[in-house]
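Undergrad: One structure, pasted below without further comment.
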Amino acid sequence: MGAAASRRRALRSEAMSSVAAKVRAARAFGEYLSQSHPENRNGADHLLADAYSGHDGSPEMQPAPQNKRRLSLVSNGRYEGSISDEAVSGKPAIEGPQPHVYTISREPALLPGSEAEAIELAVVKGRRQRERHPHHHSQPLRASPGSSREDISRPCQSWAGSRQGSKECPGCAQLVPGPSSRAFGLEQPPLPEAPGRHKKLERMYSVDGVSDDVPIRTWFPKENLFSFQTATTTMQAISVFRGYAERKRRKRENDSASVIQRNFRKHLRMVGSRRVKAQTFAERRERSFSRSWSDPTPMKADTSHDSRDSSDLQSSHCTLDEACEDLDWDTEKGLEAMACNTEGFLPPKVMLISSKVPKAEYIPTIIRRDDPSIIPILYDHEHATFEDILEEIEKKLNIYHKGAKIWKMLIFCQGGPGHLYLLKNKVATFAKVEKEEDMIHFWKRLSRLMSKVNPEPNVIHIMGCYILGNPNGEKLFQNLRTLMTPYKVTFESPLELSAQGKQMIETYFDFRLYRLWKSRQHSKLLDFDDVL
C-alpha cells in the first residue's frame, strides 16, 4: 500500500515537472516570436495550448475520473491588446492577426461523451463573426480556415454558469451579458492588463472546479501532501505492532530463561547429592581454601588434655551405657516372657494403615476373621505425627494383652522404589533415616515395641508399594535394620502376584475379600458396602 502511494506520487511529480518545463519553453518561444514577428502577437498562446494538448496524451497525466480536474487558460491579455491596436489604427478588422481565445478543459460536462478525458481546444474567431452574431451563445461559432474546423457550438453561457464561472474565463464573461460593441469595448480606451489576470495567465496551474460533494482542491493532489490523520493512524498501527512484537520477544526470553534456570537447579541438585554422598560438610570445609571473609578463623582443637585420658573416659562411658542397656534388655525380656506364658496367647500382628491408600477405610473389614491377633490401626496421613502413631500402637498392644510385643507388622502405605510415604512431608529414604531426627526417633522407638522372646527375627512387611524396585530400597532396609539393633528385625516387600506376596496377603487378609477389594479399589461405579 505504501509502495503504490509512493509510486503514484512519483508519477504525478514527474508529470507536473514535465508540464512546467513545456509551459516555460512554449512561453519563451512565444515571446521570441512576438518580438521577431509582430503579426504573431499570440504565438505564446498557440505554443502554450500546444504544450498542454501535446502533454495530455501521455498516459501518466490522465487523471482519475473522480478528480474531474479542469485547467483553464485564457489569453485575454493579448486578445484585448490586439483589439485596442485595431481600434487605434482604424484598419478593418479583417486585416492583421485575428484574436483567439484558447480554452483547455477537462470538464466532462463541456466535452462529448466519447472524449470525456480528452482536452478541448476552442478557437474563437474574431470581431466580424461576433458582430454578425451579437449573442454568440445563440449560434455556434466556427473555427478559422487554418484550423481543423472543429465544432465549438457549446455556448459560453454554460461555461460562465459552470462551477468556476467567469473566474477562469474572463473573456467569456465579457461576451455573455450584452452586444458586441459593449462586449468588446471598441469605443473604450485600451484597458491596462490587470496584474491578477496576468498572474493567472502566467500560472501553469489554476484552481480546480470539481463536483459539489467533493471539497475544492488545488492542482496538487491532496493525498500527495502530508496528511496528519493518515500519518497518525499509521503511527498508531506501527506502535501497536511494535508493542505486540516486544511482548512476544519478552515472553520468549522469559520462557528460555526459566528453562535454563530449571535445568541448572536440577543440575545443582544432582551434583549436590553426589557431593554429599562423597564427603561430609566438615571435610569440604577443611579442604576448601577459598573461605569467605566473614567465616570464623578455624581453630585447632584444644590439646591441653591428654588424649589418653579422653579415650579412657569415652570407653568407660560406653561400658556404663552398655551395662544399663543389658540390664533393661534382660528386665524387659523377663516381663514379656511372663506375659506370653499365659494360656491361649497369640503373638500380636499389627497392621499400620495409612489413610492415603485408596479406600483404606474398608481394609479393616477384609482382614482374616479367624485370627484375633491381627490389630488394625488406621492413621490420618495428613495430620498425624510419629508420636501419635507410636502412642496408638502402645495403647492397642496393652488392650490386646498387657506386656505383649509385636511379632509381625504390616505397614500399608503409599510409596515407590526406594522410598516410603509415611506421613505428609515425611518420606523415608535411605538418606533421610540417617539425618532427620524425628524419623530416627520413630524407628528406634518402634524397635523397642518389637518382641524380644521371638526365636525368629521379627518381620515388618511393606505393602502398597514396591520398595525393592530400586537399589535404594535395599539401602533403606539396611539402614533401618541398623537403626533397630539390638533387636532382630527383617524387612520384606514382595510382589503381590508372587508366591511370597500371596503368602504375605494370606497372613493378614481374607484372600477372596482382598481380591474383591483390590478390584474395586480405584472404581467409583459400585460401593464396596453393597458387596460386603
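Cβ coordinates come from backbone N, Cα and C, glycine included.
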Undergrad: Of S17, S105, S206, which does Swiss-Prot mark as phosphoserine?
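TA: Of S17, S105, S206, Swiss-Prot lists S206 as: phosphoserine.
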Undergrad: Treating G and I as helix alongside H, and B as strand alongside E, what does DSSP give for the motif 'Nuclear localization signal' (249-252) in helix, strand and coil?
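TA: Split into helix, strand and coil, the motif 'Nuclear localization signal' (249-252) gives 4 helix, 0 strand, 0 coil.
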Undergrad: Pop the mean pLDDT for the motif 'Nuclear localization signal' (249-252) in here, whole number is fine.
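TA: A mean pLDDT of 91 is what the predicted model shows over the motif 'Nuclear localization signal' (249-252).
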